[in-house]
Amino acid sequence: MAKHLFTSESVSEGHPDKIADQISDAVLDAILEQDPKARVACETYVKTGMVLVGGEITTSAWVDIEEITRRTVRDIGYVNSEMGFDANSCAVLSAIGKQSPDINQGVDRRDPLEQGAGDQGLMFGYATNETDVLMPAPVTYAHRLVQRQSEVRKSGSLPWLRPDAKSQVTFLYDDGKIAGIDAVVLSTQHSEEISQKDLHEAVMEEIIKPVLPAEWLSANTKYFINPTGRFVIGGPMGDCGLTGRKIIVDTYGGAARHGGGAFSGKDPSKVDRSAAYAARYVAKNIVAAGLADRCEIQVSYAIGVAEPTSIMIETFGTEKVSTEQLTLLVREFFDLRPYGLIQMLDLLHPIYQETAAYGHFGREHFPWEKTDKAAQLREAAGL
């Protein structure tokens with residue numbers, strides 16, 4: 001393979017779409033804390049001065065959606081109108097209904113193992129050995145840049161930083177291996193008084209250099225820091241935000257295929273979310289076991305049916321055993337029925353708000369990031 005470039009982006013917790021994702025998942029967590037069997041599909045819309053929370057929720061729990069919303073926005077950092085959004089004064093509207101009984105009858109079963117999928121759909125999982133967290137490098141470092149922006153902002157060391165930010169990193173590959181970083185884009189919302197010269201210098205020294213490995217940077221690396229020259233108006237004042245609008249940021253940065261289903265605001269009976277987590281778990285364990293350098297898995301479901309309708313594995317010519325054998329190993333060691341994967345990954349807990357910014361994958365404390373099946377897979381494969 002010749003040299004090629006590959007780019008991924010990320011956005012901060014203060015990006016409008018990510019505000020919406022975090023509110024949806026904060027509502028989900030609050031409900032799961034009281035009622036682990038709740039059915040939740042929570043969507044959020046944010047715009048200047050208002051938040052609208054809607055969806056279908058069936059639960060025995062009671063939660064204060066307005067308080068959850070304000071607390072989430074406050075924790076992100078939108079606490080005065082100068083930033084374009086204020087947790088204390090924004091309107092919070094709620095339009096919540098119940099899950100359709102037509103869907104419910106296909107999901108709930110007397111035998112939990114026969115729990116049906118909450119919808120039809122296809123989901124992908126992916127892993128690669130190019131980083132220590134078995135994730136593609138471009139999206140990994142794009143996330144780390146905006147995470148660093150948030151840390152610096154919240155520490156107060158750069159008081160002119162504001163919550164809304166975006167990053168983008170272009171990697172150069174040579175024969176499939178990382179050869180360096182070709183370009184870095186970082187745009188951050190800021191207060192009126194900071195000069196562009198001071199902003200450029202501070203972003204480079206306090207955000208970019210501490211995050212990106214020096215060995216991948218060179219005199220040829222291009223830097224684009226607030227390339228429009230001004231980013232004072234941001235957050236929901238600059239753009240409206242919606243739950244589920246950053247599905248590539250949430251997953252693999254475009255390095256793997258995506259089934260189209262968003263994650264945030266959905267309880268684990270929704271295979272859009274839970275099966276995508278399980279697919280990552282499978283792919284990561286295959287790579288951790290040394291059975292392939294790269295692995296992409298597709299699973300699909302029919303609404304109301306427990307067993308997946310298909311399982312497909314792609315290893316891009318890096319497999320150490322046949323993909324047919326890998327598929328048999330997956331069926332043997334991983335239960336990909338909805339109830340099975342919920343139990344396998346212990347998903348009925350309030351763990352979701354943290355997933356809603358900086359990527360659902362590649363952060364080791366989430367249960368789908370465990371590599372506890374790797375040794376078994378390797379032994380069963382005869383390696």
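Including glycine, each Cβ sits where the backbone N, Cα and C put it.
Feature annotation (Swiss-Prot): of 99-109, 110-120, 187-197, 264-274, the stretch labelled region 'Flexible loop' is 99-109. Of the residues His4, His15, Swiss-Prot puts just one in the ATP site with Asp164, Ala165, Lys166, Arg230, Phe231, Asp239, Arg245, Lys246, Ala262, Lys266: His15. Around the Cβ of Lys246 (ATP binding site), a 10 Å sphere holds 25 further Cβ atoms from the protein chains shown. In three-state terms derived from DSSP, Asp17 (Mg(2+) binding site) belongs to a helical segment. There are 22 other CB atoms within 10 A of the CB of Glu43 (K(+) binding site), with all protein chains counted.
A strand conformation is recorded for Ala165 (ATP binding site) in the three-state DSSP classification.
In the three-state DSSP scheme, Arg230 (ATP binding site) falls into the coil class. Taking the region 'Flexible loop' (99-109) as a whole, pLDDT averages 56 in the prediction. Separation of the C-alpha atoms of Glu56 (L-methionine binding site) and His15 (ATP binding site): 25 Å, rounded to the nearest whole number.
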